[in-house]
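Notes for the one structure printed next.
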Amino acid sequence: MRSTLIPILTLALLVGLFFYAGKAQNVNSIITPSLYNKMLPHRNQFYTYDAFIKAANAFPQFGTTGDAATRKKELAAFFGQTSHETTGGWPNAPDGPYAWGYSFIEEQKKTDPPYYGRGPIQLTHKYNYEQAAKSPAIKADLINNPNLVSSDPVIAFKTAIWFWMTPQSAKPSCHDVMTGKWTPSASDKVAGRLPGYGLTTNIINGGEECNKGEIASVTDRIGFYKRYCNMLGVSYGDNIDCKKQKPYNA
C-alpha cells in the first residue's frame, strides 16, 4: 500500500504544479480586472476586460513569453501603443493625459474607407483586414463586414493582438521585439533599429514618426508606456523612442 501511495501522491503533486504554472502565466494573472480598470479609467465601455482576456487567450504566446518582467513589459508596450492609437487625452485632462487610452473605437478622421481605423490598434487598409481575417484566431469576414472590428469587442482585441504578434515584410513582430526574440541585422544596426519599445513605434507607424527627432506623437506613446510600466513595476528598458531610427520604408 505504501509503495503505491507515494507514486500517486508524487504524480498528483506534479500535475498540480503543471496546472498552477500554466495558470500563473495566463495574461489574467498579470492584468487583473482591478488593474485593467486602473489602467483605463476613462475607456469606452466597448473595451471590456472579458473581451480582452478572451482575445488574449486566442494567442497563447501573447503576454506569456519569458520571465515575469518580460511578460509585464510586453503587456505595458501593447497597452502603451494601443492607448495612443485610441487616446482621448489632452494635456490638462483629469487624471493626466495618459489615463485616457481606449477612448475611441473608430478613427476620428477616417482614411481609406471602408477600411479605416478600428479597434485598439486602429486596424487600417484593406490588406490588413484581409490578413487579419485569415488568422486562425479570428476567422471572420472582415472584408465584407469590416464593422465587425468596431461592433464585436473580442474581434476588435483579436485584430490588435494579431497585428502585435505578426511580422510583416521586413518588419519583425512587436511581440518578438519586446520578448527578446528578435536580433537586429547589420543593416538594422546601421539604421539605428535596436531592440526596445521605440522599435514597436517604428513597426506601427515609423514612416510618419521615426527619425524625426522629438515629436508629440512619439512622446505620447512613450508616456502611456511609462505609465503602464510603473503600474506593473517593471523598468522601461533601452531604446524607448525612435527619434534616431530610420523607418523600414526609408
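Just so you know, the numbers here start at 1 and follow the chain as drawn.
Cβ coordinates are placed from backbone N, Cα and C, and glycine is handled just like the others.
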Quick test of reading the record: TrEMBL lists a disulfide for C210. Which of C229, C242 is on the other end?
C242
Any idea what the Cα distance is from C242 (disulfide bond) over to E85 (active site, proton donor), rounded to a whole Å?
17
Cβ atoms near C210 (disulfide bond) (within 10 Å, other residues, all chains):
28
Which one is it: of the recorded positions E85, C242, which Cβ has the fewest other Cβ atoms within 10 Å in this structure?
E85
Could you tell me how many residues in the domain 'Glycoside hydrolase family 19 catalytic' (155-165) are helical, how many are strand and how many are coil under DSSP?
11 helix, 0 strand, 0 coil
